[in-house]
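Q: Dropping a structure here in structure tokens format, bear with me for questions.
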Amino acid sequence: MASSAATNTWINTKLKSSSSPFKDFGSSSTPKSNSITLKKKKKNSTNNISCSLQTLPFPKQYQPQSTNTTTTTTLTPTKPKPKPNTTTKPQQQKEQTKWNLFQKAAATALDFVETTLNTHERKNPLPKTADPKVQIAGNFAPVPEHPATQNLPITGKIPKCIDGVYVRNGANPLYEPVAGHHFFDGDGMVHAVKFTNGSVSYSCRFTETHRLSQEKALGRPVFPKAIGELHGHSGIARLLLFYARSMFGLVDGSHGMGVANAGLVYFNNRLLAMSEDDIPYQIRITPNGDLNTVCRYDFDNQLKSTMIAHPKVDPVDNNLYALSYDVVQKPYLKYFRFDSNGVKSPDVEIPLDEPTMMHDFAITENFVIVPDQQVVFRLTEMIRGGSPVVYNKEKVSRFGVLSKNASDSSEMIWIDAPDCFCFHLWNAWEEPETDEIVVIGSCMTPADSIFNECDESLKSVLSEIRLNLKTGKSTRRAIIKESEQVNLEAGMVNRNKLGRKTQFAYLALAEPWPKVSGFAKVDLFSGEVKKYIYGEGRFGGEPLFLPRDVNSENEDDGYILTFVHDEKEWKSELQIVNAMTMKLEASIQLPSRVPYGFHGTFIISKDLKKQA
């Protein structure tokens, strides 16, 4: 692995006043017919969110206490063999030293254009959904990397079944934004808590994407930010600026421009970090609990397109099912799968009239369930001065049902589900007795509130959506009573039950939005809600359910793992909660602040030993 001195140069890790939101108690040193009949089983077999974050100034620059805490890998478009203990610098940095006079002159001219553009853009107030002072304020702010720290303080007793590593992804911008910035735009950082024989370690590292490696070499952000910057005429200008730099050989976007900050999946002995605008990056967990980026992983040259950040691993066949969507050219959507050995199926092109956001989807025992909803991409809106992410109110949302083993989309069935936008789908299963597929998701209104500014507060309703494959009709009901309605976003079901009928879901209490004040265990049959609240001034993120035993008779026999941050004490911890009793079992004090983030997974120790 290569070592680089490049670290975050704008995060204030030293507390200078009690009011600073960027305090950090750690230091840098210490993803042919028009009907389907389900077989019965035999009995024996242009809107916005009301944001609760305060407006805060950016931190001043700092000099890192140590220059040896960043692990960098020289990335190539295909899977390389890792070379430990090397000192090779990123390839892009080497290339920069070879710029000729013409390239240097072009770089100077384009830098001047960018400075002028930034100055012009700062004259106008940014919407909350693109204002860095809102989007990365408080504990949404980034942190520097932290090497593996061992023997962390533990309160309570860690259950014996928790043996392995909990990893969670998140957005963590290395450089201070020069213009608009959305929380989703940040560079990917993985946080790892490793459990070994009752001892616990913690580390966090950037995922060394091609994008990040090039920006490190240049010492500043140069790639356009998909949500925070690409809107209106200034967004067009930034795209043209990037293309100009590419034309002169100053940057290279041919090997991906993604940030790998959203999902994590462990498949075929590899931990993959994902964002839906690129292919995955492989991360290796070291024996001492640290993290290294291995490569931009294309499944041995099989994956030729992007992959969404929420692929699904079927707990029975161990296959990985995924989608890929394109916002520029047809086919706008493709479905594919990998068998348990990592061998990819041919792409199945799914016809769509326009590019649609496909952040998540669902699987059942025999089908994949594809949402085609009202949030679409229209790049031409930028010419009119607007956002390319559009809420199409004229469009009717629908779900597509396709066989997992389909070789084409000719037998795909589309069922309308009006006014339904689910950013995440928690599970789905088949009910052959009624020829229905049940989909569990959180229906969000306004549909584009995460991306575009509006006066209406976001509402996320946990819903049961039934797709009748015989009638082609759908029904939808709220699982929780209206009087008990709370925003539920980010979570999961027992992963051993994915694609099968499940009674419980474990979901983040996203209140006050976008913060998470606790999590809820929801009985999907009765609507009963059991809440676990972190406490005054304490907030967290996605709850991860870890089954105690794959053979357990009780679906909820397991534990919830979740990061919790105390905004008064400015300290973070990992809490372990018994999912059956909803009581705290143990908490681990962490040596560094953990920002609010996205999705995670748990890798048990015996699987960890098989890492590729």
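Cβ coordinates are placed from backbone N, Cα and C, and glycine is handled just like the others.
Computed from a predicted structure; not experimentally measured.
Heads up, here are the entries from TrEMBL:
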BINDING   HIS310, HIS359, HIS424, HIS599  Fe cation binding site
COMPBIAS  1-15  compositional bias 'Polar residues'
COMPBIAS  16-37  compositional bias 'Low complexity'
COMPBIAS  63-94  compositional bias 'Low complexity'
REGION    1-97  region 'Disordered'
Q: Test of understanding: give the count of other CB atoms lying within 10 angstroms of the CB of HIS359 (Fe cation binding site).
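A: I count 21 other Cβ atoms within 10 Å of it.
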Q: Among all the protein chains here, how many other CB atoms are within 10 A of the CB of HIS310 (Fe cation binding site)?
A: 21
Q: Who sits close to HIS424 (Fe cation binding site): which same-chain residues at least 6 apart have their Cβ under 8 Å from its Cβ?
A: HIS310, HIS359, ASP360, GLY441, SER442, GLU489, ALA490
Q: Just counting, how many other CB atoms are there within 10 A of the CB of HIS599 (Fe cation binding site)?
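A: Summing over all protein chains shown, HIS599 (Fe cation binding site) has 24 other Cβ atoms within 10 Å.
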